[in-house]
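Look at TrEMBL and you will find HIS106 tagged as active site, proton donor. Annotation comment: TrEMBL describes GLY12, SER13, ASN14 as N(1)-(5-phospho-beta-D-ribosyl)glycinamide binding site. According to TrEMBL, the (6R)-10-formyltetrahydrofolate binding site annotation covers ARG62, MET87, ARG88, ILE89, LEU90, ASN104. The domain 'Formyl transferase N-terminal' annotation in TrEMBL covers 2-179. Here TrEMBL flags ASP142 as site 'Raises pKa of active site His'.
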Amino acid sequence: MKKIVILISGRGSNMQAVVEANIAQAEVVAVISNRADAAGLQWAEQYGLATETICHQDYAGREAFDTALMARIDAYQPDLVVLAGFMRILTPEFCNHYAGRLINIHPSLLPAFPGLHTHQRALDSGCRVAGCTIHFVTAELDCGPIIAQGVVPVLGNDTADALAQRVLRVEHELLPQAVADFVAGKLVVEGNRVNNLSMADIDDSIFLKN
Ligand code: GAR
């Protein structure tokens, strides 16, 4: 059984998708938030999961917070740490400590639009498609090896909120699948590329549709 710790900062709908997927040979051992008012924490508690809040404002700086966060995470001895809407920039020490077992979901088709306000930036840039990316986390923000990407169309009358909703539905499918692939040992990192041994069928279906 692989142990998973999920970090959130807010709503937690991606965390919920992972938990409800009941991934074989995987157990979500804790949900940790940097904000006590994160709605996802309540959901996780009601579901019966271990939850913790480690408020970044209680620490003198980024290093001190990340050190404390690492200590709390490591108490669960996780095989995988999932950033599911965890809205903190992490120190290189944190990223290196979890190298190869830390993944993030980001609401854009990386390497386009790292950082914040991704949907508005996609609209402002005239993109015809948008989407989300799941990647291994490295010290450089939103830059690690890409595990999976989901694509949606940008429609003529889109607002950032409408586009975010469309992308979020794809996020909820993609993240549990990526976690399942990790747990099943199907993700092989080669340099900056991830060889996903379960992706061949998906790639075929995309090409066939087009
Ligand atoms: C998701 O859209 C996720 O991709 C994004 O925050 C949202 C969290 O929603 N993550 C980032 O922007 C990370 N830079 P959720 O709390 O309902 O899962």
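Backbone N, Cα and C define each Cβ position, glycine as well.
On the structure: features taken from TrEMBL.
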residue: GLY12; record: N(1)-(5-phospho-beta-D-ribosyl)glycinamide binding site; Cβ contacts under 8 Å, 6 or more apart: VAL31, ALA38, ALA39, GLY40, LEU41, TRP43, ALA44, ALA84, GLY85
residue: SER13; record: N(1)-(5-phospho-beta-D-ribosyl)glycinamide binding site; Cβ contacts under 8 Å, 6 or more apart: GLY40, GLY85, LEU168, GLU171, HIS172
residue: ASN14; record: N(1)-(5-phospho-beta-D-ribosyl)glycinamide binding site; Cβ contacts under 8 Å, 6 or more apart: ALA84, GLY85, ILE105, GLU171, HIS172, LEU175
residue: ARG62; record: (6R)-10-formyltetrahydrofolate binding site; Cβ contacts under 8 Å, 6 or more apart: ILE89, THR91
residue: MET87; record: (6R)-10-formyltetrahydrofolate binding site; Cβ contacts under 8 Å, 6 or more apart: SER9, GLY10, ASN34
residue: ARG88; record: (6R)-10-formyltetrahydrofolate binding site; Cβ contacts under 8 Å, 6 or more apart: SER9, ASN34, HIS56, PHE65
residue: LEU90; record: (6R)-10-formyltetrahydrofolate binding site; Cβ contacts under 8 Å, 6 or more apart: ASP66, VAL137
residue: ASN104; record: (6R)-10-formyltetrahydrofolate binding site; Cβ contacts under 8 Å, 6 or more apart: VAL82, LEU83, PHE86, ILE134, HIS135, PHE136, VAL137, ASP142, GLY144
residue: HIS106; record: active site, proton donor; Cβ contacts under 8 Å, 6 or more apart: PRO114, THR118, CYS132, THR133, ILE134, HIS135, ASP142
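In the three-state DSSP classification, ARG62 ((6R)-10-formyltetrahydrofolate binding site) falls within a helix. Mean model confidence for the domain 'Formyl transferase N-terminal' (2-179) is a pLDDT of 98. Listed recorded positions: GLY12, SER13, ASN14, ILE89, HIS106. Those with a CB atom under 6 Å from ligand 1: GLY12, SER13, ASN14, HIS106. When every Cα pair among ARG62, MET87, ARG88, ILE89, LEU90, ASN104 is compared, the largest distance found for this (6R)-10-formyltetrahydrofolate site is 19 Å. Cβ neighbour density within 10 Å is lowest for ILE89 among the recorded positions ILE89, ASP142. In three-state terms derived from DSSP, GLY12 (N(1)-(5-phospho-beta-D-ribosyl)glycinamide binding site) belongs to neither a helical nor a strand segment and is classed as coil.
Following the DSSP three-state reduction, the secondary structure of ASN104 ((6R)-10-formyltetrahydrofolate binding site) is strand.
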